[in-house]
Amino acid sequence: MSYAKAQLYSRRDWEQQMGRLPVLINLARVTIIISLLVFQIGSDYLYMDTGKMGSLFKPVEFYTWAAIYGGIVILTLFKPEWQRQNMTLPNAAAVADISMIMLLVYMTGGIGMGFGALVLPFVATSCLLSYGRYPMLYASYATLLIIFCLLLSDHMIFNIIDKKWNGTDFRPFIIGLFLIGASYLVAGLTSLSVNRLKAATDSADKHKQAFNRVSGLNKLVLNRVQEAVVVLDMDQRIWLFNAQAKTYFPSLAIDNQETIFSDLIRQWHHAPEKSFETDIHLHQHSMRVRAVPLVQSDEKTELLMLFIRSLREVAAEAMATKLASLGQLTANLAHEIRNPMSAIRHANDLLQESMQDPTNAKLHDIIDSNIRRIDKMLEDVTSLNKKDNISREKINLMKFWLAFKQEFTLNNPDAIGSVRMTMEGNNLAVVADSMHLQQIMWNLCNNAWRHSRKDNQAITVLMRPSGKMHISIVVADNGSGVAPEVRNRLFEPFFTTEKTGTGLGLYVARELAHANLGQLHYHPEMNGFELILPRDESNDEA
């Protein structure tokens, strides 16, 4: 937060705190006016019979003064904001109060009558209304009026001009000096108090802002962690929790007691300062809990922080780590196996060229067949490890199919005229990695051709929308289908029903489909496989 904004907020807080001051000042004005009115009216009534003037004030002067000061009171009642002015200027209301009080002192006969002390509270309120600024200005203004009052009301000016000091009463002069000193003292002390209070308010604001920032940061961090975090005390009262904890335990609420953690509290009670980790059943979930006591500065353990994760998530994370390690291992093995396999193939080719014995030729064919099988297995393993390297793009299925069919029939000349494709809709497009889609379709079409009757209805491909967000690609054949007892194992790695198969083709195809946010299923009623991929709708036409 910038310094200017901090000052703005500080001023707003100060104005809220000082909002009651104008009301109190107005109450003091009303009290002074009513008291003097009662005194004036009572004095006039008591001395009416004697014909002597018993009151302190001349009626016309006093009632004029009371009307003006009463007008200020009424103005404050209906428009109180006139007293709160810009911080850079002296306060007009303060000047008005000091002037009216000193006018009252003049009307009573001067400083010697004792009414001058009424100016001191208004000097103090002047500093308050100005946020502690200009204390010497208000004190000097009051001093100037006191001096004028001394010179005019107590005939001091005539004694000074005529140099007549004999019999002069110096009490008003002494009282005036006292009022002047008191004005500066009150203004200085009030300004000092206001500045200290303002500094304390600013400091509290800064600490509050820092606390809010830290609290917001803590909340953000807590809600970003994968674990559920719960903080509670010995009475099982909840102090803090994050969004993940609310997902696991919907009944959580701050300051509520939760009995589901009672076993953990008992374990904590036996060793209040030791962390522990345990697997426990909480709220119909199997959880792994790591408990960390929070030791306060007074070395008394008061709170317990729980880091909670579902055992299912822990197991899935461990499995993912193992699979990642296994993938790296298989990639390294595939790389290491290729070199000796290349040497074996080369040696087998040399032996086959130099020997004409039919028996040896058959052995060479067996070796070559198994070498090709191992090569295919290595290719599948390598493809599986590269499934995370995805370059997803928009693929127009019609263009893709025309290119794929041409390549497929070039590699399988007997399949010319045996592959039929039907597309429901125009310009169907998916979002996927084109190399992954190519490999999946190669696997499915090769399997379909191998198990089909190899006639003109051997392979049927159907492309159609699947809902609003996906495209379905069905690859079916007219063969005998998959036996019911092996359907559940179709996608298992290294499972195969053929002697020459690697058992990785369908497994790799499904993993590549998953990597592209798709699915691959076998449908017995279709006698084929269905590949579902995300749809690209940017150029779809009705």
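For all residues, glycine too, the Cβ spot is worked out from N, Cα and C.
As recorded in TrEMBL:
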DOMAIN    332-539  domain 'Histidine kinase'
TRANSMEM  21-42  transmembrane segment
TRANSMEM  62-78  transmembrane segment
TRANSMEM  98-124  transmembrane segment
TRANSMEM  136-161  transmembrane segment
TRANSMEM  173-194  transmembrane segment
Counting only residues 6 or more past its boundaries, what in the same chain has a CB within less than 8 Å of a CB in the transmembrane segment (62-78)?
22, 25-26, 29-30, 32-33, 36-37, 40, 55, 93, 96-97, 100, 103-104, 107
Cβ under 8 Å, sequence separation of at least 6 from the ends of the transmembrane segment (173-194): give me the contacting residues as numbers and ranges.
111-112, 114, 116-117, 119-120, 123-124, 126-128, 131-133, 135-136, 138-139, 142-143, 146-147, 149-150, 154, 156
Confidence summary (mean pLDDT) of the domain 'Histidine kinase' (332-539):
82
